[in-house]
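Down below is the structure, laid out as structure tokens.
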Amino acid sequence: MKPAIVFDLDGTLIDSVPDLAAAVNLTLTARGLPELDLTTIIGFVGNGLPKLVERVMTHGGVDMGLHSKLTRITLDNYMRAPTARTVLYAGVRDMLEAFTTSGNALGICTNKPEAAARQVLDALDLSRFFAVVVGGDTLAQRKPDPAPLLHVFEQLGAGPRFYVGDSEVDAETAQRAGVPFALFTEGYRKSPVASLPHQLAYADSGTLPALIADALTDPATR
Ligand SMILES: O=C(O)COP(=O)(O)O
Ligand SMILES: [Mg+2]
């Protein structure tokens with residue numbers, strides 16, 4: 001049976017931080033606060049938009065009483081132009097075509113709000129690849145809680161499983177869900193590859209289908 005493969009979105013399939021940064025910086029400049037650079041924002045990404053805004057506010061010394069308001073404003077900013085500067089990582093479209101042609105069921109488990117994730121996938125013509133999309137606000141729990149990931153796999157059906165992501169949060173989610181994990185090393189990871197639990201690591205999306213096939217013939221991941 002072909003494995004079901006679930007992907008993280010930001011930092012794994014798409015380089016989306018330029019648009020997240022633009023949304024955050026609109027929020028900041030509207031309050032007279034200085035803009036943040038991409039590296040700083042990358043350090044704040046991974047636990048969903050409310051957490052991103054919380055980290056930005058802590059960094060800027062903004063009163064946390066404004067958190068829900070600034071989260072709403074930042075999401076509105078983001079939703080107005082979610083793919084203006086966002087690009088797919090090299091080889092991603094071909095990789096998704098290859099998995100689809102071989103009959104793998106594919107899903108998305110992201111901490112991005114579900115509506116934003118769906119809008120981004122539509123705009124980049126990626127929606128057709130994914131039978132299930134779960135975002136950071138789809139369930140009461142978000143990654144690194146394993147519930148959203150298990151929810152996606154349950155809907156994709158029986159068979160072997162693999163989760164593909166770029167971050168500490170993704171590695172922990174997979175581990176807690178008991179699912180083998182493929183780490184994309186060129187995303188928004190903050191710590192060294194060796195410190196993240198993973199069954200395989202890759203830097204070129206074109207190599208992933210063969211790597212997953214190999215890993216699934218290895219008794220350690222079966
Ligand atoms: O929204 C985030 O913080 C990160 O999104 P991701 O889970 O797709 O990497
Ligand atoms: Mg990610």
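Cβ atoms here come from the backbone N, Cα and C positions, even for glycine.
Copied over from TrEMBL, here are the features:
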ACT_SITE  Asp8  active site, nucleophile
BINDING   Asp8, Asp10, Asp166  Mg(2+) binding site
Integer Cα-Cα distance in angstrom, Asp166 (Mg(2+) binding site) to the residue listed as 'active site, nucleophile': 7
CB contacts for the residue listed as 'active site, nucleophile' [other CB atoms within 10 A, all chains]: 28
Extra residues within 8 Å (Cβ to Cβ centroid of Asp8, Asp10, Asp166), Mg(2+): Phe7, Leu9, Gly11, Thr12, Leu13, Gly46, Thr110, Gly165, Ser167, Asp170, Phe184, Gly187, Tyr188
Set of same-chain residues at least 6 away whose C-beta sits under 8 angstroms from Asp10 (Mg(2+) binding site): Ser16, Val17, Leu20, Val45, Gly46, Thr110, Asn111, Lys112, Asp166, Gly187, Tyr188
Cβ atoms near Asp166 (Mg(2+) binding site) (within 10 Å, other residues, all chains): 26
